[in-house]
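J.: Okay, here's the structure, questions in a sec.
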Amino acid sequence: METLTALASVQASTVLAIGIMIGLAALGAGLGLAIMAGKFLESAARQPELIPVLQVRMFITAGLIDAAFIISVAVGLLFAFASPFLVGGLAVG
């Protein structure tokens, strides 16, 4: 019975960690994209002739910001469906 309690505790902690990890990644990506878009609009208003160059750089940076969020979601799904934390608990029981 102790093993089941320990496994339930590990699963609950894992779910909480996944939620925090994905939530903070989404918050960071949202803030990063918002700040970047605001700075792009400021610079485009100041120098309209540089819009094509700035737009390419903005999209590349937006892709990198989103990539960090997608990696966080992938790690969260890994922990959810193939939790490496449960392997040790199952071997003990």
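Cβ coordinates come from backbone N, Cα and C, glycine included.
The transmembrane segment annotation in TrEMBL covers 12-37, 58-82. What TrEMBL records for 16-79 is domain 'V-ATPase proteolipid subunit C-like'. Residues annotated as site 'Reversibly protonated during proton transport' in TrEMBL: ASP66.
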J.: In the three-state scheme derived from DSSP, which category covers ASP66 (site 'Reversibly protonated during proton transport')?
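T.: In three-state terms, ASP66 (site 'Reversibly protonated during proton transport') counts as helix.
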J.: Could you tell me how many residues in the domain 'V-ATPase proteolipid subunit C-like' (16-79) are helical, how many are strand and how many are coil under DSSP?
T.: 63 helix, 0 strand, 1 coil
J.: Test of understanding: give the count of other CB atoms lying within 10 angstroms of the CB of ASP66 (site 'Reversibly protonated during proton transport').
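T.: Its Cβ has 13 other Cβ atoms within 10 Å.
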J.: Could you please provide the mean pLDDT value for the domain 'V-ATPase proteolipid subunit C-like' (16-79)?
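T.: Over the domain 'V-ATPase proteolipid subunit C-like' (16-79), the predicted model scores a mean pLDDT of 95.
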